[in-house]
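> Pasting a structure here, questions to come.
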Amino acid sequence: MSAPNRSSTNPPPFLLMGIPDLEVFHVWISIPFCVTYIMALLGNTLVLLAVGLDRSLHEPMYCFIAMLALIDLIFATAVVPKMLGVFWLDSREIGFEACFVQMFFIHTFTAVESGVLLAMSLDRYVAICHPLRYSTILTSPRAIQAGLLSLARGVGIMIPLMWLLISLPYCSSRVIPHSYCEHMAVVGLACADTATSHRYSLGAATLLVGTDSAFITFSYCTILRAVLRLPSHRARLKALGTCGSHVFVILIFYIGGLLSMYLQMFTCSLAPHVQVLVADSYLTVPPMLNPLVYGIKVKQIQDGIRKLLGQLAGPRSSQA
């Protein structure tokens, strides 16, 4: 084992392996990831433009949906372009600082999305359980404040972890057995005791996810009780449909995230390529599904996207 990089002013870059044991299939594996990324870009951009340009959608719930779209754009763009570079061009090298920047964005916006999903659950709780007080309790400025608080929380959690990781000495083996700078894969390359960073990351993730998911579960259980008491069958179906789309997004986010995290920490007997594929899918599939779910389930978002597409198509049709 050679000397660590602590004394070096310019630490050498890391090398991304891609998907271990499946390197010969990288080009084929890249196709679904490329398709999901393009769909995520198009879907989330349409949602953002529809909410931003339509004044009738400047309500708290639509603000939260726009926040999710922005988070998903950042989330996917932090990972997929470099991942495709590895798959298509064999561009495996990633700078020391760039690796930790990528990791910072991934984990920060994972925490931010968790906070936004919590805020959305509270929004639906107030809207259904206290409808007469909704307009006074939840306003668009307060929704934006909730998003900023989620961002501040995510950054506050990640800064100590980044400091712990960057201060570690990394040895001659710079090959990351992953498609991106996954936290545990990078920590595994350190030639020093990583117990502190490991305990911090596991504790912070478990506390954040546990707290948010507990409040979200409480909110939706209370909502379900209130919905089942509604006298109108149509009103019950409408409320369940709206909340059902939220619950679907939440389940994908939390189950996928926890599965990805714990598979990396506790490898068991799973093949390395299975762990990497699960982690890659978690970062690419939810950003594609979120705008599809809201585009299908939320009529106002559908109308906003139709209006936006009509405005974009209008000038072209008139020129023709």
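A Cβ is built for glycine as well, from the same backbone N, Cα and C atoms used for every other residue.
Below, the features straight out of TrEMBL:
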DOMAIN    43-294  domain 'G-protein coupled receptors family 1 profile'
TRANSMEM  25-49  transmembrane segment
TRANSMEM  61-80  transmembrane segment
TRANSMEM  100-122  transmembrane segment
TRANSMEM  143-166  transmembrane segment
TRANSMEM  207-228  transmembrane segment
TRANSMEM  240-263  transmembrane segment
> Are the transmembrane segment (207-228) and the transmembrane segment (61-80) close enough that 3 or more Cβ pairs fall under 8 Å, when only pairs 6 or more apart in sequence count?
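Contact criterion not met.
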> When you scan the chain for residues with a C-beta under 8 Å from the transmembrane segment (240-263), skipping those not six or more beyond its ends, what do you find?
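Same-chain contacts beyond the ends: 68, 110, 113-114, 117, 120-121, 124, 128, 205, 209, 213, 216, 220, 223-224, 227, 270, 274-275, 278-279, 281-282, 285-286, 289-290, 293-294, 296-298.
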